[in-house]
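A.B. asks: For reference, Swiss-Prot lists these features for the protein:
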- 1-60: transit peptide (TRANSIT)
- 82-106: NADP(+) binding site (BINDING)
- Ser214: substrate binding site (BINDING)
- Tyr227: active site, proton acceptor (ACT_SITE)
Amino acid sequence: MATTVAATKLTSLKAVKKLGFREIRQVRQWSPLQSAMPHFGMLRCGSRQSFATSTVVKAQATAVEQSTGEAVPKVESPVVVVTGASRGIGKAIALSLGKAGCKVLVNYARSAKEAEEVSKQIEAYGGQAITFGGDVSKEADVEAMMKTAIDAWGTIDVVVNNAGITRDTLLIRMKKSQWDEVIDLNLTGVFLCTQAATKIMMKKRKGRIINIASVVGLIGNIGQANYAAAKAGVIGFSKTAAREGASRNINVNVVCPGFIASDMTAKLGEDMEKKILGTIPLGRYGQPEDVAGLVEFLALSPAASYITGQAFTIDGGIAI
């Protein structure tokens, strides 16, 4: 009997030691326009070696330690950078990844107070978080942001490029400054962050990058020529980055949200809401958590290790 118990304990210990960076998580939003127009600015089409959720590993390691008295090697939590993470979809993504056990850098442009609140929520879940104020369309800010994460935690495993803006107007009225603002942040910002992250990930031969685009980048939308061009650019850019990073085990994917519930959609009024919902086959808005769940899957799940260069719509069926 004693021999059987000892053998069982040894087998359990070996199983836990083999976990490595495995993750056992389940998969769990069109962000509103900056104007009252009922269009797709309300739409945010925002590694083979997998990462582990610390709570899963801790639970199994504790069980083995209690039965054997032996310590199990610590599995480090993934380090994640989320841009535009102080509110909306970005906030939901940061919270989801923080709850999953990640160490999260919460990037913001102007909303310092909101970013601090997100950071505190992550810490309340038992995770770790830091905030960083910076404009991702500026190379110096991006370099400083990545350095902040590395100085704090030693590496970067996942980058989620979510930061974005809208400057909506019809093409014939659009000023070059409105075009430039959207392209600079929504497309050039993704380029700069992806480039900086790839340099880090190539050295470690592992990493995952998720870029938030929009259904608008796939089907277009009246009054959003700048936004549609930027988001379509993100999709094409991501496919190229995926091809270039594949040999170094770097996965790059795109998430394209449709209409996502927000403070802005809540102010549209009943008539406008009916018109919008009439364009959505599922007949309802998505939730920020819907997008966050898909991002979490692509960022952490072992089941996503063979997925790269793909653009996933999460839009209630608008792009069918």
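In case you wondered, yes, glycine gets a Cβ from its N, Cα and C as well.
Walk me through where these features lie, including what they touch and how far apart they are.
C.D. replies: DSSP classifies Gly90 (NADP(+) binding site) as helix under the three-state reduction. Within the same chain, the residues at least 6 positions away from Gly90 (NADP(+) binding site) whose Cβ sits under 8 Å from its Cβ are Val82, Thr83, Gly84, Val160, Asn162, Ala163, Ile212, listed in sequence order.
Within 10 Å of the C-beta atom of Ser214 (substrate binding site) sit 35 other C-beta atoms, taking all shown protein chains into account.
In the three-state DSSP scheme, Tyr227 (active site, proton acceptor) is classed as helix.
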A.B. asks: What is the total of other Cβ atoms whose distance to the Cβ of Tyr227 (active site, proton acceptor) is within 10 Å?
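C.D. replies: Its Cβ has 31 other Cβ atoms within 10 Å.
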A.B. asks: Whole-number answer please: how many Å between the C-alpha atoms of Gly98 (NADP(+) binding site) and Ser214 (substrate binding site)?
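C.D. replies: That separation, Cα to Cα, works out to 24 Å.
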A.B. asks: Around Cys102 (NADP(+) binding site), how many other CB atoms lie within 10 A of its CB?
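C.D. replies: There are 27 of them.
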